[in-house]
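Per Swiss-Prot, the features are:
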type	residues	note
BINDING	Cys28, Cys112, Cys210	[4Fe-4S] cluster binding site
BINDING	His57, His90, His140, Ser238, Ser239, Asn240, Ser282	isopentenyl diphosphate binding site
BINDING	His57, His90, His140, Thr180, Ser238, Ser239, Asn240, Ser282	(2E)-4-hydroxy-3-methylbut-2-enyl diphosphate binding site
BINDING	His57, His90, His140, Ser238, Ser239, Asn240, Ser282	dimethylallyl diphosphate binding site
ACT_SITE	Glu142	active site, proton donor
Amino acid sequence: MSTTENAAIEPVTGADAEVLLAQPRGFCAGVDRAIEIVERALQRFGAPIYVRHEIVHNAYVVSDLRSKGAVFVQELDDVPVGGTVIFSAHGVSRAVRQAAEARGLRVFDATCPLVTKVHVEVSKMRTQGFEIIMIGHKGHPEVEGTMGQADDGMLLVESVDDVARLAVKDPARLAYVTQTTLSVDETQEIVAAIKARFPAVHEPKKQDICYATQNRQDAVKFMAPQVEVVIVVGSPNSSNSNRLRELAEKLGVPAYMVDTPEQVRPEWLAGKRRVGLTAGASAPEELAQSIVDRLRALGARSVRPLDGIQENMSFPLPRGLQIN
């Protein structure tokens, strides 16, 4: 439905709102795999199982796994010598891997395979002598892990302005990689700025932003013109969830991110005829459905899934956790 058609229909109270569900939404294959790794490790070895950082950036998921015996730590020093530790889906630096080995820890790596792909790119290109621009958010665990695949020669940029300030050693030996959960549109702008300033820059064979990030952003682009407010299910520290909220706002639709049903405020629905709902790649469908239940309790009259891509991606578990 076009925005013109939307404008022609008189808005009614929130009690008559229709909820449109973006497709796809919620868990991606990398998140599914990471959570299953923790659950399988708990089943096989028993609690406690230590996890370095949040396995994925979702408070609901972390709380659930903690209740089952997972212990989330910030540093490997918090893991007993000889204990079992799981690396989060965001990946870790080479230094963290070496520290785990030095402490004699049993390690299961829940790094998303699409993040590992970027790690391999970095290691290969540094070996070939390329200086590498990393497009990403400073301080994000994925960025720290990816930049930590090399001892030096990594340059972080977060914006087009950062590109203008870059000082590189040899423009002819320059490459770039990206964080997997960025805004597709903003990343394209940064890449364009890099290419304009460094025409010889070496590109990844395939874009580093993952399929799930792309698909969920495309789903919001499809949904936004049909609704008057967007609710994103996701935790504040979830990069991909934040990008969904920002995207809806850039498309001119008020957007809110929630972590629990109680955070949905009745006034968001006031006078709204259609409410859009999506969920970040680290948000479980059961949490999204609890938000739908909250919207129904506030008077939403119907829920309608939108058309969209059906994802069927899956990744194998690490050796030692696979079912024989």
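Note: Cβ is positioned from N, Cα and C throughout, glycine not excepted.
Overlay of Swiss-Prot annotations on the structure.
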| residue | record | Cβ neighbours (10 Å) |
| --- | --- | --- |
| Cys28 | [4Fe-4S] cluster binding site | 28 |
| His57 | isopentenyl diphosphate binding site | 29 |
| His90 | isopentenyl diphosphate binding site | 28 |
| His140 | isopentenyl diphosphate binding site | 17 |
| Glu142 | active site, proton donor | 26 |
| Thr180 | (2E)-4-hydroxy-3-methylbut-2-enyl diphosphate binding site | 28 |
| Ser238 | isopentenyl diphosphate binding site | 26 |
| Ser239 | isopentenyl diphosphate binding site | 24 |
| Asn240 | isopentenyl diphosphate binding site | 27 |
| Ser282 | isopentenyl diphosphate binding site | 32 |
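The Cβ centroid of Cys28, Cys112, Cys210 marks the [4Fe-4S] cluster site; residues of that chain outside this set whose Cβ lies within 8 Å of it are Ala29, Gly30, Val31, Ala89, Pro113, Leu114, Val115, Thr180, Thr181, Tyr211, Ala212, Thr213, Ala281, given in sequence order. Sequence-distant contacts of Cys210 ([4Fe-4S] cluster binding site), defined as residues of its own chain at least six apart whose C-beta falls under 8 angstroms from its C-beta, comprise Cys28, Gly30, Cys112, Leu114, Thr180, Thr181.
The Cβ neighbour count for Cys112 ([4Fe-4S] cluster binding site), using a 10 Å radius and every protein chain shown, is 26. Pairwise Cα distances among His57, His90, His140, Ser238, Ser239, Asn240, Ser282, which the record gives as the binders of isopentenyl diphosphate, peak at 15 Å. It is 12 Å from the Cα atom of Asn240 (isopentenyl diphosphate binding site) to that of Glu142 (active site, proton donor).
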